[in-house]
Every structure is written in structure tokens, then in C-alpha cells.
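Asks: Below is a structure I'd like to ask you about.
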Amino acid sequence: MFKIMKDFTEQEKIIVLDFGSQYNQLITRRIREFGVYSELHPHTITVEEMKALNPTGIIFSGGPNSVYDKDAFRADERIFDMGIPILGICYGMQLMTTHFDGKVERAKDREYGKADIHVENPSRLFAGLPTDQVVWMSHGDLVVEEPAGFEVTATSPSCPIAGIADEERLLYGVQFHPEVRHSVYGNELLKNFALNVCGCKGDWTMENFSEVEIAKIQEIVGDKKVLLALSGGVDSSVVGVLIHKAIGDQLTCIFVDHGLLRKGEADQVMATLQGEFNMNIIKVDAKKRFMDKLAGVSDPEQKRKIIGNEFIYVFDDEANKLDGVEFLAQGTLYTDIIESGTATAQTIKSHHNVGGLPEDMQFKLIEPLNTLFKDEVRALGTELGMPDAIVWRQPFPGPGLGIRVLGEITEEKLEIVRDSDYILREEIKKAGLEREIWQYFTALPNIRSVGVMGDGRTYDHTVVVRAVTSIDGMTADWARIPWDVLEKISVRIVNEVDHVNRVVYDITSKPPATVEWE
């Protein structure tokens, strides 16, 4: 039986140090796929802080710097002396090499893309893998002399030292990126590191995660009360059920109908969470309040801030009617934390659960999902006994339709998005594609175009259909929806939604785009 670990340090885990690679979150995600808990930390972490985490293994990510740059990212060198396994990837391998007095130089030509490597010495890292394999390279420097005590484990035509290992000290490095899907046996290599080198059992599951989180919530909250920002989306709904299992009626859910919800959403949320789970939900009609604040505002960042601030002020108003409320719960995910920026990465956009809170907020935050990716949240919801109708609902941002209407928000524009999105969801479900497509929705860009309807000229709105496939939301590809399904969606939207004469399909992946338009 799983032992509830109130002390987080008891849990086996692999820490990924962030040196600025665009792929570092993928490393964390891949390790978790093997049933091993992993999380990302800045490269500035001290050895004392690292010891407090009690990691089973450490991975140094890649990064854009050269190890010889004046301002290159460094790690606390004492981490190398902790006596636990370390894997350096790309820049991480070069950092390990220079620390142990090996030699790194600028490559004559930068190498980006697929490459063939030959495994010279399998070591534990390459155990059971083919001698020749395709990997993904992305580097401008390379190791030209391995440190004393290390062996060369892999080579490639343009990178004579593509892998190194010191088996005695359990130190390993690879010049390529095993976390990227283009590295054909990358997953197997990372699994070797996690299970064979680090000795992890691979028993991290949503069952033990929920038990640990329930125990933590009970310990943190005690006999106090918690307010939950219930948006109606998957994340906040799962948070609500998790916290309700931990503290029961000490949880009060504040469901704010801000006028930015999907069609029929308010009624569905109340019927499911209040009716089936007997949760205490206060519904607040704040449509006019939000629309007044958003009037004339076009900038997406400003809209996010206004919506985030107004949410908190609504909660303040409701909290004043309750006694003993000290905590605010949110459905912040790990991807939200990462996308809102770390010490080594540029902020992509301030997230509604991360960067939209006022400085004078009166509550302590509880974010029990902030170490999980979206697919893990769905798995947790299923583990908690939630119905598929909630667990597999389409992801919905905290600012709601406020960021799916580009530019200024009006009632007319909101109705267009509501009705078109409803049609899209109906047709995707009819086609049996709702589990195959990770996320799909409509958005209203601030674009009007000329059209012909009946015998007359029109000058009306354009609706964008956005649909992507993904595993965890960190990267995404546009979904290949069959043409006949797209045709049905387009015909219905143009004919059934007022003031729309054009439908376009977004075929951009993430990156370079994000999933949402704002």
C-alpha cells in the first residue's frame, strides 16, 4: 500500500536544471512518462537547496549559451560532488566537461536537425539500444577532449564526441537532445537514466499524487476555509473535487458568471458539481461589472490583468460574507508556470493564474495542480471519480471568451464566438473526433471582410477555427480534421451565426504560435 508522504523529500524524483533550452520542459515531461516524478528548477539553485529536495538524479538541460561566454549560465559546482547520478544534455554536457577539465570549442559549423550517431561504448545509458541511431542535434559548440575518467560513448560524423560517461561516478553527457521526438531512441535513453542509472522504481501515479495532495491540503488548511475560483473548465473543476475530498464543506466555490463563458456553461457547471458532488457553490452574476471594466480595452495583456483583478475583487466581496476564509484555490498548471517565464526564459504571456493577481490580494494561494501537465490533470480527474463529461471538457482559459474575442469585447462579438464554438463542438463530437483532438475552439479576430449572401453584398466578421493535437500543451500541431467535417463546420457557422460571412482554419503549430490567439 502506498505510504502517504507528507514530507516531499521522501518521494523519488529527478530534478531538471533549466539552462534556457526551449526543450527543458519536455525533459521533465518525458521522465514523468516513466512513472518518475520530475520538476524543473532554475540553474541558480544552490547545493543546499538541491540537497533539501533530496533528488534521486539530476539532469542539466541544454541552453543557448556557450560555456565560454562571460555571462554564461552556471550551476553550483558543488552539485557535482553530491554523489548522485547526473545527465548533461547538450550545453549540460559541455558544462560538465569544462568542470572536470575537458575541452570545449566552437564548432566549425552549427549543427541543427537530424544526425546519425554510432554508439562506441554502450554504458548504462545506452544499454539495450541500437548501435546506430538517429538523434536530434542543436548546438554551436562541441566537446573536443573528454575529461579524465570519462569515456567516449557515442560519435557522429560532425561530432566526434557525441556522448561521454564516467560509470564510477554515474556522470553522463550527450550532445544531442533525447527529449525531442526526432531522437528515435531518446525516450529509451532517458528511461535508462531514470530507472537503471538512478534506480527509480517508476511508481509515481495519479493515485499516490492525489493521496499526497489531499494530506498536504489537510495539513496546510487545518480548520480554515478555502475559496475556489471555479471557472467551469477542467482544471478548476478537478481542483474543486480534490480539495472537497480533503476538507469537505470547508471549501466554498465561487462561480463567477462574468459573461465570458461558453454557451450553456453556467447551467452545466452548477448541475454537475453541485448536483453530483454536493459541493458548496455560490454563483455570482457579475456580467455587467466585467463588461463595464473591459469597455474600450483592446490590448490582450490589459484584458488579462483586468479580468484577473476583477476576479479577485469579486472574491473579496464574497469572502467578506464568510468567516474564517484564508485561502484562495486556483487551477494553475505546470505549463502556466513555465509559459509565464522562469529565470532563464522570456515571458511568452502573463498567465491568468500567474500574472494577473493584484498585489494587495487578501488570500494565501493554494495551487495543488501547479506541478501537473494537462494530460495528468485529466488522469487525476478520472482517478477522483469525475465523469468524462467534465474530465474531457475542452480546456478553457481563466479569462474565458475575453481572449477569444480579439480587440475590444462587445456583446455581439461574444455571441458570435459562443454560437460558432457550440457548432464546432457539436460537429467534432458527431465525427467522433473529440478524443483525438487535444483542443479545439473558435476565435474572433478583429477582421471584417467582403462577402456575398443571397443577392447582396456583406461586410461581416471572420471566424477562426483552431484545433490542435498535443500531449501536454507545451508543443502542439494543428489537427488534420477531414475536409468534409471542416466543410460542415464552415457551412453551419456561416448560415447559423449572425454577422459572419467567412470561416478560416488556423494551420499553425506551437511553436511558433501559441494555442490561444491572445
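Cβ coordinates come from backbone N, Cα and C, glycine included.
Feature table excerpt (Swiss-Prot):
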DOMAIN    13-203  domain 'Glutamine amidotransferase type-1'
ACT_SITE  CYS90  active site, nucleophile
ACT_SITE  HIS177  active site
ACT_SITE  GLU179  active site
DOMAIN    204-393  domain 'GMPS ATP-PPase'
BINDING   SER231, GLY232, GLY233, VAL234, ASP235, SER236, SER237  ATP binding site
Asks: Looking at the recorded positions HIS177, GLU179, SER231, VAL234, ASP235, which has the shortest Cα distance to CYS90 (active site, nucleophile)?
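Replies: Result: the closest of the recorded positions to CYS90 (active site, nucleophile) is HIS177.
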Asks: Here are some recorded positions: CYS90, VAL234. Which one has the most Cβ atoms within 10 Å of its Cβ?
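Replies: Answer returned by the neighbour count: CYS90.
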Asks: Within 8 Å of the Cβ centroid of the ATP site residues SER231, GLY232, GLY233, VAL234, ASP235, SER236, SER237, which other residues of the same chain have their Cβ?
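Replies: Counting only non-site residues, the set is LEU230, VAL238, VAL239, GLY331, ARG393, PHE396.
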Asks: Would you mind listing, in sequence order, the residues at least six apart from GLU179 (active site) in the same chain with a Cβ closer than 8 Å to its Cβ?
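Replies: Spatial neighbours, sequence-distant, of GLU179 (active site): TYR23, LEU26, ILE27, ARG29, ARG30, ILE89, GLY186, LEU190.
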Asks: Just the number: how many Å between the Cα atoms of SER231 (ATP binding site) and HIS177 (active site)?
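Replies: Answer for this pair: 38 Å between alpha carbons.
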Asks: Compile a sequence-ordered list of residues in the same chain as HIS177 (active site), six or more apart from it, whose Cβ lies below 8 A from its Cβ; state 'none' when nothing qualifies.
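Replies: HIS177 (active site) has long-range Cβ partners TYR23, GLY62, ILE89, CYS90, VAL135, TRP136, MET137, SER138, SER183, GLY186.
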Asks: Which of the three DSSP-derived classes (helix, strand, coil) applies to the residue listed as 'active site, nucleophile'?
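Replies: In the DSSP reduction, the residue listed as 'active site, nucleophile' maps to coil.
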Asks: Sequence gap of 6 or more, C-beta under 8 Å: which same-chain residues meet both conditions with respect to SER237 (ATP binding site)?
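Replies: Sequence-distant Cβ neighbours: LEU230, VAL269, THR272, LEU273, GLY331, GLY381, MET386, ILE390, ARG393.
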Asks: Below 8 Å Cβ to Cβ and six or more residues apart, same chain only. Which residues does that give for ASP235 (ATP binding site)?
Replies: GLY331, THR332, LEU333, LEU369, LYS374, VAL377, PRO395
Asks: Select the most exposed residue of SER231, SER236, where exposure means the fewest other Cβ atoms within 10 Å, treating these as the binding-site residues.
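Replies: Comparing Cβ neighbours within 10 Å for the binding-site residues SER231, SER236, SER236 has the fewest.
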Asks: Around GLY233 (ATP binding site), how many other C-beta atoms are within 10 angstroms of its C-beta?
Replies: 21
Asks: Sequence gap of 6 or more, Cβ distance under 8 Å: name the residues on the same chain that satisfy this around GLY232 (ATP binding site), in order along the sequence.
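Replies: Residues satisfying the criterion: PHE255, LEU261, ARG262, GLU265, ALA266, GLN268, VAL269, PHE396.
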Asks: Can you check how the pLDDT averages out over the domain 'GMPS ATP-PPase' (204-393)?
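Replies: Reported value for the domain 'GMPS ATP-PPase' (204-393) is a mean pLDDT of 84.
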